[in-house]
Amino acid sequence: MYGLGVIVNGLVIVGASFAALILKKFIMKFDKNNKVEKISDTIMSGLALCIIYMGISGALECQHVLICIISMVVGGLIGELIDIDKGLNSLGDKIEEKLNKGKTDVSKEKVSISQGFVSASLLFCVGAMAVVGALNSGLFGNNDTLFAKSALDGVSSFLFSLTMGIGVLLSAVAVFLYEGIIACGAFLLKGVLSTAVITEMNAVGSLLILALGINMTLKANIKVANLLPAMFVPIIFGIIGMI
């Protein structure tokens, strides 16, 4: 179902955050050895392995390996020239800086809801997985990436809500709008793309998902955001009639 992953992602963040707010006092009282954090780390590692599997299985559907390779090269070149990764990180830093500018420790506590909202929104939206997942949902009706992201976001939002409060829950609105707009745009684009082009776009996107999993498990530093333009290079091959 097209767009289902977007809805699920938003609902999971709301549910996990709400559960954390209800259980906050109980958890803080009995979690003396940071057991919750250790459990979440193990769960995250397991989910990362699932993401790697998803990336490999999707990439194997590639019908034109050379086009996939060229797409990654051209996309990486464009991404590095623009430096999408740096831009996204700078955006997050600037927003955090503006929130804290000229504030005392007391006043910083008063904007904890804003900080929670902004920090969580950036974590859940500013990343390749949100973009690739929303594109896959809109183009192919494949929500697997967003389902995996929902699991990751669920664990993260639960932990964040324990310290940042209700602002994390409100970030679900930003996630829904952000991913929803991308998915809708991709769905409209789907009507003018051939099956062959969509297949190659899916294969390239799957490689990016694989890179995300590698980053999570091996602590690698693959700038997946700078490779995002690669997903759209197969469209050029479709226009010139090579696929």
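Glycine residues also receive a Cβ, built from the backbone N, Cα and C atoms like all the rest.
Per TrEMBL, these features apply:
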type	residues	note
TRANSMEM	6-27	transmembrane segment
TRANSMEM	39-58	transmembrane segment
TRANSMEM	64-82	transmembrane segment
TRANSMEM	117-139	transmembrane segment
TRANSMEM	159-189	transmembrane segment
TRANSMEM	201-218	transmembrane segment
TRANSMEM	224-242	transmembrane segment
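Pairs of Cβ atoms less than 8 Å apart link the transmembrane segment (117-139) most often to 201-218, out of 6-27, 39-58, 201-218, 224-242. Proximity of distant same-chain residues to the transmembrane segment (6-27), defined by a Cβ-Cβ separation under 8 Å and at least 6 residues beyond the stretch ends, is recorded for 36, 120, 124, 133-134, 137, 143, 146-147, 149-151, 153-155, 157-162, 165-166, 168-169, 171-173, 175-176, 179-180, 183. Between the transmembrane segment (201-218) and the stretches 39-58, 159-189, 224-242, the greatest number of Cβ pairs separated by less than 8 Å involves 39-58. Sequence-remote contacts of a segment are chain residues at least 6 beyond its ends whose Cβ falls under 8 Å from one of its Cβ atoms, and for the transmembrane segment (224-242) they are 64, 67, 70-72, 74-76, 78-80, 82-85, 88, 127-128, 131-132, 135, 193-194, 196-197, 200-201, 204-205, 207-208, 211-212, 215. Panel annotation: around the transmembrane segment (64-82), residues 200, 203-204, 207, 223, 225-234, 237, 242-243 of the same chain, lying at least six beyond its termini, place a Cβ under 8 Å from a Cβ of the stretch.
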